[in-house]
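Chemist: Okay, handing you the structure first.
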Amino acid sequence: MPEPLNLAALPVRRLNTGEAIPPLGLGTFGSDKYGPREIADAVEGAIRYGYRLIDCAAVYQNEAEIGQALRRVLDEGVVSRRELFITSKVWNDSHGPGQVLASCRKSLADLQLDYLDLFFVHWPFPNYHPPGCSVDSRSPDAKPFSPAAYLEVWRQCEALVDMGLVRHLGMSNMTIPKLEAVLPHCRIQPAALELECHPSFQQPELFDYAVAHHILPVGFCPIGSPSRPERDRTAADVADTELPEIREIAEAHGVHPAVICLKWAVQRGVVPIPFSVKPPQYQSNLRCAAVDPLTDAEMERIRQADKNCRLVKGQVFLWPGASGWEDLWDEHGTATWAQP
Ligand SMILES: NC(=O)c1ccc[n+]([C@@H]2O[C@H](COP(=O)([O-])OP(=O)(O)OC[C@H]3O[C@@H](n4cnc5c(N)ncnc54)[C@H](OP(=O)(O)O)[C@@H]3O)[C@@H](O)[C@H]2O)c1
């Protein structure tokens, strides 16, 4: 067992409430590859090593096992609850009246917690698909984005803060037009925005927009999700860990290319949430935020390596009549929804 990391060496990020959040967290979506038990063991091992931020979600179907791991480290006094920063997310099938509270209560019960540090609206659509379904699968009930419907979900989230069940709120898989439509109507502004973010998909405009609105960018698939299932791959996808810029910088630092993706994210001001169940991987992932930073020239070289290559396209959330996955991301011209 390696020595736990010296946490004082890690940079601290601040949310718009002034509260601290760790600069890097552990993802918990095992996709088809890793089961709940393995992921819960990784959560426990990661916390013993020094992780404090764990990114959970109801739809990952492993919160009950993660809750047992959290209970063990809390009961043993490895950490106190206040030292941990635990997120969860309401899934698309629970946007209706009363369902957000029910979802939050279920996540809290499964995770064996009294409150969540951050609660995300996982996707801005109420469009449900069964986990693991084909990318060609379409729901006849699927709907395009509606600011009014989203704000009804957000009002339910705001009530969770009022009730003390949740400390901060977050949005996920949003675009600038969608944020523009809803932010002026939010009583409680989001503290964080979860967005896909890796060297070949940097989303500079969305990143800048979030920072300008005091919303912390939390980066998912920070290594380019190299273990995602075949069904989620297309011929045009770029592998971040194969980019020559990333490989050469990794060689210069004597680390795996995955680690360079994470260093770049942390230094840019994104909070990456890499997934791994392998102790040497998840340990090096957190450690890299504390040691041997990239130079300004290396940061600039990676900035120029952007390929605008979105990996999580979200096809299964498309509604009848949509022309392609780009519609989910408002890429076909001006968004045409009614204002709330
Ligand atoms: N809000 C959303 O809609 C959303 C969407 C997607 C993901 N997420 C969150 O983001 C998290 C991360 O995304 P992700 O799991 O798709 O992708 P990722 O973190 O980019 O990639 C994870 C994979 O990278 C490899 N890896 C990790 N550390 C490594 C290291 N040090 N050296 C070499 N390889 C390493 C592992 O592959 P092997 O398993 O082959 O070792 C691991 O499975 C998820 O777990 C989830 O919490 C959120």
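Keep in mind that glycine also has a Cβ here, set from the backbone N, Cα and C atoms.
What TrEMBL records for this protein is below:
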- Tyr60: active site, proton donor (ACT_SITE)
- His122: substrate binding site (BINDING)
- 24-306: domain 'NADP-dependent oxidoreductase' (DOMAIN)
- Lys89: site 'Lowers pKa of active site Tyr' (SITE)
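Provide an account of the burial state, proximal residues and distances for the features listed.
Modeler: When Cβ atoms from all protein chains are considered, those within 10 Å of Tyr60 (active site, proton donor) total 21, not counting its own.
In this structure, His122 (substrate binding site) belongs to neither helix nor strand by DSSP; it is coil.
Look at Lys89 (site 'Lowers pKa of active site Tyr'): DSSP puts it in a strand.
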Chemist: What is the one among the recorded positions Lys89, His122 whose Cβ has the most other Cβ atoms less than or equal to 10 Å away?
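Modeler: Of the recorded positions Lys89, His122, the most buried by Cβ count within 10 Å is Lys89.
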